[in-house]
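First comes the structure, then the notes that go with it.
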Amino acid sequence: MTISGKAKLAGVMGWPIGHSRSPRLHGYWLNQYGIDGAYVPLAVPPDRVEQAIRALPALGFRGCNVTVPHKEAAYRTVDRLDATAKRMGAVNTVVVGEDGSLEGRNTDGFGFVENLRSGAPGWSAADGPALVIGAGGAARAVVASLLDEGAPRVWLVNRTRARAEELAADIGNVDGGGAIEVADWVSRETLLEGAALVVNTTTQGMAGQPPLDLDLRALPGSAVVTDIVYTPLMTPLLSAAQARGNRVVDGIGMLLHQARPGFAAWFGHEPEVTEGLKAAVLQG
Ligand code: ATR
């Protein structure tokens with residue numbers, strides 16, 4: 001790839017950043033669309049995040065993605081927040097305005113929902129209650145986006161119940177929309193019976209970790225099962241769901257789709273998620 005002196009610039013800030021797949025992801029799109037631009041990894045230690053984000057306009061950057069552990073610091077640093085970032089208390093996408101101001105957005109929930117829409121055509125959050133397992137950072141985006149998209153109810157279970165209660169209190173219920181109901185870890189298999197969607201947001205099932213401890217016996221055949229873990233792509237949970245005939249959606253698509261709004265804002269082209277992109281991102 002050749003870039004000129006006028007190249008549009010963006011990147012991803014994290015610490016560490018070496019394992020991020022975002023440079024490969026955006027680099028693929030830049031090549032694909034023949035855009036004069038660059039998207040680079042930015043290794044920024046925690047004590048310099050604010051300084052680094054503030055420097056984006058001075059360096060001529062159009063913006064950046066923000067990843068672990070800087071999403072909350074970015075939330076505190078930007079000049080403006082979109083409604084989703086405000087609700088989330090976290091920013092994953094920073095867009096530099098014409099006037100040099102910094103806008104913080106959160107596209108993780110968008111990525112989650114778009115991945116389900118494309119991986120399970122016809123799926124709608126309004127189809128029925130969702131069972132969300134886990135209460136970390138990713139679960140926040142998942143729960144908020146499901147409620148925003150019209151899920152009638154989200155059952156939230158986490159090994160440590162207090163964290164699920166905290167998430168529910170922070171995300172809250174939407175006016176006229178669905179509700180979050182925190183349930184005990186031990187009740188997760190009972191809840192499957194009424195679920196239209198099951199989401200694993202825990203680290204269980206990741207390579208090197210034990211599988212998620214969940215017997216799917218009670219789950220209706222029409223339910224969709226998805227995992228935010230994508231190493232491996234087919235987690236034990238997804239394999240078990242597929243084997244009993246449920247539709248499954250793997251987790252890499254959430255990463256691919258969350259990247260779309262940032263790319264469009266920085267580089268001026270609405271990018272597409274394709275099999276070629278998926279293969280390129282998984283290669284690294
Ligand atoms: P994030 O990075 O998204 O904030 P995290 O803090 O690493 O996430 O949390 C990952 C999730 O995996 C949490 O819901 C965690 O449960 P706890 O809150 O009880 O720690 C869950 N998790 C991790 N190990 C687990 C295990 N062995 N069994 C069940 N859940 C587990």
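All positions are counted from 1 along the displayed chain.
Glycine is no exception: its Cβ is also placed from the backbone N, Cα and C atoms.
Site annotation (TrEMBL): shikimate is bound by Ser20, Arg21, Ser22, Thr67, Asn92, Asp108, Tyr230, and the candidate from Gln258, Gln283 recorded at this site is Gln258.
When Gly205, Gly208, Gly251 are compared with the NADP(+) site residues Gly134, Ala135, Gly136, Gly137, Ala138, Asn158, Arg159, Thr160, Arg161, Ala162, Arg163, Ile228 in TrEMBL, the one appearing in that site is Gly251. Nearest Cα neighbour of Ala138 (NADP(+) binding site) among the listed recorded positions (Ser22, Lys71, Asp108, Tyr230): Asp108. Counting other Cβ atoms within 10 Å of each Cβ, the lowest count among the binding-site residues Gly134, Gly136, Gly251 belongs to Gly136. Taken in sequence order, the binding-site residues Ser20, Asp108, Gly134, Gly136, Ala138, Arg163 that lie near ligand 1, meaning a CB under 6 Å from one of its atoms, are Gly134, Gly136, Ala138, Arg163.
Max Cα-Cα distance over the annotated NADP(+) binders (Gly134, Ala135, Gly136, Gly137, Ala138, Asn158, Arg159, Thr160, Arg161, Ala162, Arg163, Ile228, Gly251) is 26 Å.
Each residue in the domain 'Quinate/shikimate 5-dehydrogenase/glutamyl-tRNA reductase' (129-174) gets a DSSP state, and the totals come to 23 helix, 9 strand, 14 coil.
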